[in-house]
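Each remark here refers to the structure printed beneath this line.
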Amino acid sequence: MSATQKNNITRLEQLDRQSTQPFPNSRKVYLTGSRPDIRVPVREISLADTPTAFGGEKNPPVFVYDTSGPYTDPEVRIDLRKGLPDVRSRWIDERGDTEILPGLTSEFGQARLADASLDALRFAHVRTPRRAKPGANVSQMHYAKKGIITPEMEYIAIRENMKLQEARAAGLLDQQHPGHSFGANIPKEITPEFVREEVARGRAIIPANINHTELEPMIIGRNFLVKINGNIGNSALGSSIEEEVEKLTWGIRWGADTVMDLSTGKHIHETREWILRNSPVPIGTVPIYQALEKVNGVAEDLTWEIFRDTLIEQAEQGVDYFTIHAGVLLRYVPLTAKRVTGIVSRGGSIMAKWCLAHHQENFLYTHFEEICEIMKAYDVSFSLGDGLRPGSVADANDAAQFGELETLGELTKIAWKHDVQVMIEGPGHVPMQLIKENMDKQLECCDEAPFYTLGPLTTDIAPGYDHITSGIGAAMIGWFGCAMLCYVTPKEHLGLPNKDDVKTGIITYKIAAHAADLAKGHPGAQIRDNALSKARFEFRWEDQFNLGLDPDTARAFHDETLPKDSAKVAHFCSMCGPKFCSMKITQEVRDYAKENGLSDESKAIEAGFQEQAARFKDEGSVIYRQV
């Protein structure tokens with residue numbers, strides 16, 4: 001065994017231990033469907049009883065959406081060198097419309113497999129790929145249009161509901177503000193039939209390549225919970241396979257619904273295989289990045305044949321959605337000339353350069369129907385890239401951006417003709433007053449295909465804090481109807497994010513997505529808020545920590561000033577101290593009302609005023625007293 005292999009194994013063993021830690025006071029629960037192999041994971045957070053001083057009652061557990069896969073299940077033995085357990089193979093086999101290939105069919109994939117020098121880096125258990133039988137279409141959209149409810153659709157319905165019926169019966173939905181959904185059609189309960197209808201209509205997608213059988217199915221659409229994406233990937237300047245797998249497991253632990261591998265450095269093929277085999281969430285890529293590497297970074301040397309081989313290579317590995325910049329047309333490129341920041345999309349700039357060098361139309365546009373044929377053979381979803389997105393607020397909503405968006409709408413209809421699933425990528429940098437126009441125009445141009453935006457960043461003045469500038473825009477556009485939000489880390493515009501940056505970006509965007517769900521009035525969205533608020537009022541500190549998006553940070557901040565265990569039951573924190581805690585004072589008012597037989601707090605407060613006034617008179621009505 002080489003030194004490199006030994007180092008890889010040691011690092012991966014460390015990742016194994018780190019990735020399998022359950023959240024505090026939480027356990028993985030599986031909700032079963034109509035068949036025993038539909039086992040949908042949710043996280044159950046157990047809560048302490050309400051103290052006697054606050055009425056003394058049992059608090060039901062809170063169920064939350066769980067993207068962490070088997071990693072947080074102590075019953076599952078995780079070995080990153082072997083990959084995750086299979087979830088979907090039986091479902092795919094039962095449909096009878098796919099075939100196992102004799103081996104990899106892409107030229108590049110075959111060449112990498114034959115290169116013995118890569119053995120130390122290669123994932124050891126490379127699976128034989130499958131593909132649709134000749135003439136077959138294996139997309140979830142195709143099944144949906146035929147009226148078929150797949151196991152994936154049933155799985156998603158259970159996952160989106162998270163025991164909503166039980167919560168409603170327990171009265172947990174009674175305290176939720178009505179939302180404003182801007183025309184979205186959010187039902188009181190998600191059913192498998194509703195999932196099928198939304199996918200058939202094109203309003204939602206299920207990114208689920210038939211070669212990614214480790215996947216736990218999820219859905220992206222404006223009538224479902226708002227999802228978030230986390231980006232990982234190496235660059236020519238750094239990172240390793242182990243670091244990228246670590247970012248993957250770390251990102252999904254904190255709530256990434258999908259992950260994009262944006263690698264542009266060495267060993268892109270091998271890195272992607274490790275990521276896919278260990279990912280329970282959909283993986284997206286930008287295939288033009290790898291195609292560019294194959295021509296040594298010279299955009300003019302790109303060809304349709306190289307790109308086509310790259311699509312097949314990645315589809316056979318199991319990539320669930322491709323960002324394809326087919327809307328960057330030759331006639332739009334001059335529209336960017338007077339922009340403050342020009343073309344900021346890597347994929348957009350690559351295709352713009354190719355178009356200008358050859359003075360030909362974008363080959364991704366001219367070969368789009370051929371791309372659709374590949375996509376439906378593996379059920380890869382389109383994420384139609386916004387190659388002309390604004391890179392500064394000054395460039396927002398200009399002719400180049402909206403011209404491309406109109407073309408993406410045209411391409412969406414072509415993809416739907418082939419029953420290929422589509423979502424649309426969006427900006428970028430947009431000031432707050434222009435965000436709704438983006439959402440409205442996307443719904444109009446793309447006929448309600450799911451929107452997937454990078455932020456948008458609402459101001460350009462905060463390098464190092466762009467997770468905040470973009471989180472503001474993300475919450476807004478999520479409320480207006482955006483289906484998935486691509487996270488931004490503090491390193492945006494500055495450098496390659498590390499593990500800590502990934503966590504910060506994920507938590508920021510979980511906040512934005514949840515705020516959007518609350519504003520839309522998504523059924524059950526407020527259950528967790530209510531449970532945490534109740535725990536806060538009752539000084540159940542551990543429950544406060546555990547119900548939060550980041551229990552570790554909440555606990556650490558509390559313990560910076562009050563580290564002793566006794567502080568975990570104290571009726572105050574270090575912000576106000578014991579005498580100025582508003583919640584403690586409120587409880588004292590309630591206790592006073594109860595002791596004095598008063599029916600409400602306002603009467604208790606008034607009685608307290610009268611009692612103090614009488615005491616003042618009894619003591620001589622003296623303002624200042626000698627002490």
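Backbone N, Cα and C atoms are what each Cβ position is placed from, and that goes for glycine too.
Computed from a predicted structure; not experimentally measured.
From the candidate list His177, His180, His325, His493, the residue Swiss-Prot records in the substrate site shared with Asn231, Met260, Tyr289, Ser345, Arg346, Gly347, Asp386, Gly387, Leu388, Arg389, Glu425, Tyr452 is His325.
Reported as a whole number, the C-alpha separation between Asn231 (substrate binding site) and His493 (Zn(2+) binding site) equals 14 Å. Proximity of Tyr289 (substrate binding site) to non-local residues of its own chain (separation of 6 or more, Cβ distance below 8 Å) is seen for Leu262, Ser263, Thr264, Ile268, Arg346, Gly347, given in sequence order. Taking all protein chains in view, 13 other C-beta atoms sit within 10 angstroms of the C-beta of His493 (Zn(2+) binding site).
Residue density at Tyr452 (substrate binding site): 27 other Cβ atoms are found within 10 A of its Cβ, drawing on all protein chains shown. In the structure shown, across all protein chains, Gly387 is the one of the binding-site residues Gly347, Gly387 with the greatest number of other Cβ atoms within 10 Å. Checked against His493 (Zn(2+) binding site), the binding-site residues Ser345, Gly387, Arg389, Tyr452 differ in C-alpha distance, with Ser345 being the nearest.
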